[in-house]
Amino acid sequence: MSEFTHPVVRPRRLRQSPAMRRLTAETRIHPSELILPAFVREGTPEPLPLQSMPGVVQHSLDSLRRAAADAAEAGVGGVMLFGVPETRDAIGSAATDPDGILNVATRAVVAEVGDALVVQTDLCLDEFTDHGHCGVLDSRGVVDNDATLERYREMAVVQAEAGSVVLGLSGMMDGQVAAVREALDAAGHNDTAILAYAAKYASSFYGPFREAVDSQLQGDRRSYQQDPANRREGLREARLDLEEGADILMVKPAMSYLDVLSDVAAFSDVPVWAYQVSGEYAMIEAAAANGWIDRRRAIEESLTGIRRAGADAVLTYWATEVARWLR
Ligand code: PBG
């Protein structure tokens, strides 16, 4: 009969108390690495709640200013602005109009918070086109890559002039980073940074966002956003964006793409961010509202997982709330 040997190696030693767990935690969330995405709607005097994203609104200009000030006060690192225009057309004219809602809102937020927050803007046409696609269409109704690049170049200069410091290129057109970099530099905006949505997947988890921006989209974005089945392709997109001059890389969505995030983080020599998208927000809020999960723990765990996988910063609709918890 062999004698029972007690374990010598005991991982539980480092889990025995909150103090020990705090001391040995490998990953921490800090307010400054949270970025708040915010929607601003043209013409609304009051913020409008979003059904599918409880707690998130389409802001008025005034409520957006207050939300930005609150985020800054909580120590959040940045804000990413999305515009919801009153009128849309085939080429998304409002996107390049200096008086278009996104550009007006950018100026308003910069005036409100100065550089207490890094003010960033979504650079994509889907909120501005009447067909809801991220680019302009050719005669067959297919998104025309190179014609879209021309629109992005104009949009970039207008956004930089409005005061956006980081342009979030989320349209997934080939060559968009190089095209926009060239346009910015030619206009003297050498200091405007490019956040390249390097690996952006055609995801069902953008569902609630479509309500948030009153999307007009018919069909889907699978001819430009990536196939969820592809991991290697995420690295390829990231490498191309780096070669084209991206300052920061983004992986999106976050939770279903942590392998891609980990791959990109291991290879990138620029910061890598992840976007915890509208559907990820909605799932946790819905489950918590039903009493099926602990809301705060689920939010913290989801953000910790995204950080642990390699994100240097996270775009999350909970940014201000989480930043306050962490104080
Ligand atoms: C495109 C864009 C989308 C999101 C951010 N930028 C929608 C899409 O690609 O269909 C989704 C963000 C979210 O779901 O929270 N401008």
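Glycine is no exception: its Cβ is also placed from the backbone N, Cα and C atoms.
Since we're looking at a predicted model, the values are computed, not measured.
What TrEMBL says about this protein:
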ACT_SITE  Lys200  active site, schiff-base intermediate with substrate
BINDING   Arg210, Arg221  5-aminolevulinate 1 binding site
BINDING   Glu237  Mg(2+) binding site
ACT_SITE  Lys252  active site, schiff-base intermediate with substrate
BINDING   Ser278, Tyr317  5-aminolevulinate 2 binding site
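This view paints the features noted in TrEMBL onto the structure.
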residue : record                                               : Cβ contacts under 8 Å, 6 or more apart
Lys200  : active site, schiff-base intermediate with substrate : Ser170, Met172, Gln225, Gln226, Met250, Val251, Lys252
Arg210  : 5-aminolevulinate 1 binding site                     : Leu217
Arg221  : 5-aminolevulinate 1 binding site                     : His133, Cys134, Met172, Ala202
Glu237  : Mg(2+) binding site                                  : Ala198, Ala199, Gln226
Ser278  : 5-aminolevulinate 2 binding site                     : Ser52, Met53, Val56, Phe205, Tyr206, Gly207, Pro208, Phe209, Ala212, Tyr317
Residues among the recorded positions Lys200, Lys252, Ser278, Tyr317 that border ligand 1 - Cβ under 6 angstroms, in sequence order: Ser278
Tyr317 (5-aminolevulinate 2 binding site) CB neighbourhood, other CB atoms within 10 A: 25
CB contacts for Lys252 (active site, schiff-base intermediate with substrate) [other CB atoms within 10 A, all chains]: 26
